[in-house]
Amino acid sequence: MSFSPVAPSISAPTPRRSRWDSIGNAVAWPLAMLLMAHRFFVLAINGAVTDDFTTVYSALRRFVEGIPVYNEVYHFVDPHYLYNPGATLLLAPLGYITHFTLARWMFIAVNLLAIVLAFGLLTRLSGWALRSMVWPIAIALAMLTETVQNTLIFSNINGILLLMLAIFLWCVVHKKSWLGGLVIGLAILIKPMFLPLLFLPLVKKQWGSLILGILTPVIFNAVAWFLVPGASEYVTRTMPYLGETRDFANSSLPGLAIYFGMPTWMEITWFLIFGAMVGLAVLALLRFRNTEPYFWAATTTGVLLTGVFFLSSLGQMYYSMMIFPMIFTLLGSRSVFHNWVAWVAAYFFLSPDTFTSQRLPDVARWMEFFSATVGWGLLIVVTFVSALIWFIGDIRAKGTPSSPITTDPTHDHLERTA
């Protein structure tokens, strides 16, 4: 029996719309615009104690001025500049803006715009029209999450990375190998956590994407080695720090283990259990890579990145923005997010709620630090179980000659755009 059934030859469906779009857009667009304005002009402009932008901007200014870039004292708890020389070279144009406030506001605005554009692309990838109410509702809901709010408040690059991820998924689905490879290569250059996503073009045999995904960060770093002042210190000073598991502001499993003093054997056991669930879920999802390409690509991406957040040496709650493409599969006929357990998980890794309690201060503090850990772990479990159920069910369905094939499960409820 084939591990990956061949999709039937059908024409691309027309983007979907709902009969409620007129009312939905009238409600959702004003809310989305007002929430975006508040997040930008109030929350982001005011900023917070945690400030990712100043660290990056200062390093880029050192690059422009010819001062060694990697000169920080890593035993302080301040945000540190951790980008490799190639990423420094890529981001260098930001350092040529000499006005700090202007540079910061522009950077925040670009990230906010990138989030909006990413949601538009994910709306289309999910099969819905941009004129439907899906896009503005998604934007409005995203503005309520911790990941979007803190990305803007801390002024980091996650909004741009989300757009790059959405473009990469579009390229995988539409077989645009070279563009997809360039985009994912740049994403890997900035954040190596995207490296496991090269699995997607590998199994789809999109060799151009795989080649560029590897060569892009290699070439940038090779060139930057001769251009970035003190580039060698990235290897001698920064990389050893990156290999450490810090015991503060760290929601990963290793971070939890070091915080609570978990025995090494127990940490390794949990690591292997969750790593195995991620791997088996990815293998089970392979069956749908041709029949349901967006569902497969987004769900595989989601479980791989969640595995990275949960199992790596550093996991921070706002990384959860990269799970948004997986959440968009809710709009399709098959999704992990059709299961209520996935939404319990989403609450823990997306909610901006704070946990304070005078009666249970320790429990409240643990929830502040590790709510994302709970959410990521739960999402891995529910994805693993769902993928196995789908895999077994699909094998049985394909083995039944009389089983009907439904080509449009939503035709009773939806209208098509002209």
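Note that Cβ sites are derived from N, Cα and C of the backbone, with glycine treated the same way.
Database features, via Swiss-Prot:
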- 25-45: transmembrane segment (TRANSMEM)
- 81-101: transmembrane segment (TRANSMEM)
- 102-122: transmembrane segment (TRANSMEM)
- 125-145: transmembrane segment (TRANSMEM)
- 153-173: transmembrane segment (TRANSMEM)
- 183-203: transmembrane segment (TRANSMEM)
- 210-230: transmembrane segment (TRANSMEM)
- 266-286: transmembrane segment (TRANSMEM)
- 293-312: transmembrane segment (TRANSMEM)
- 327-349: transmembrane segment (TRANSMEM)
- 372-392: transmembrane segment (TRANSMEM)
Same-chain residue ranges lying at least 6 outside the transmembrane segment (293-312) that approach it to Cβ under 8 Å:
7, 125-127, 165, 169, 172-173, 193-194, 196-197, 199-200, 251-254, 271, 274-275, 278, 281-282, 285-286, 319-320, 322-323, 325-329, 332, 334-336, 372-373, 376-377, 379-380, 383-384, 387
Does the structure show the transmembrane segment (183-203) and the transmembrane segment (102-122) touching, where I'm treating 3 or more Cβ pairs under 8 angstroms (sequence separation 6 or more) as a contact?
no
Tell me whether the transmembrane segment (327-349) sits in contact with the transmembrane segment (81-101), defined here as at least 3 Cβ pairs under 8 Å among residues 6 or more apart in sequence.
no
Long-range neighbours of the transmembrane segment (25-45), counting only residues six or more past its ends (CB under 8 A):
105, 108-109, 112, 116, 131-133, 136-137, 139-140, 143-144, 148-149, 152-153, 155
Can you tell me which parts of the same chain pack against the transmembrane segment (125-145), counting only residues 6+ beyond its ends and a CB-CB cutoff under 8 A?
13, 15-18, 20-21, 23-25, 27-29, 31-32, 35-36, 38-39, 115-116, 119, 166, 169-170, 173, 294, 298, 320-321, 324-325, 328-329, 331-332, 350-352, 417
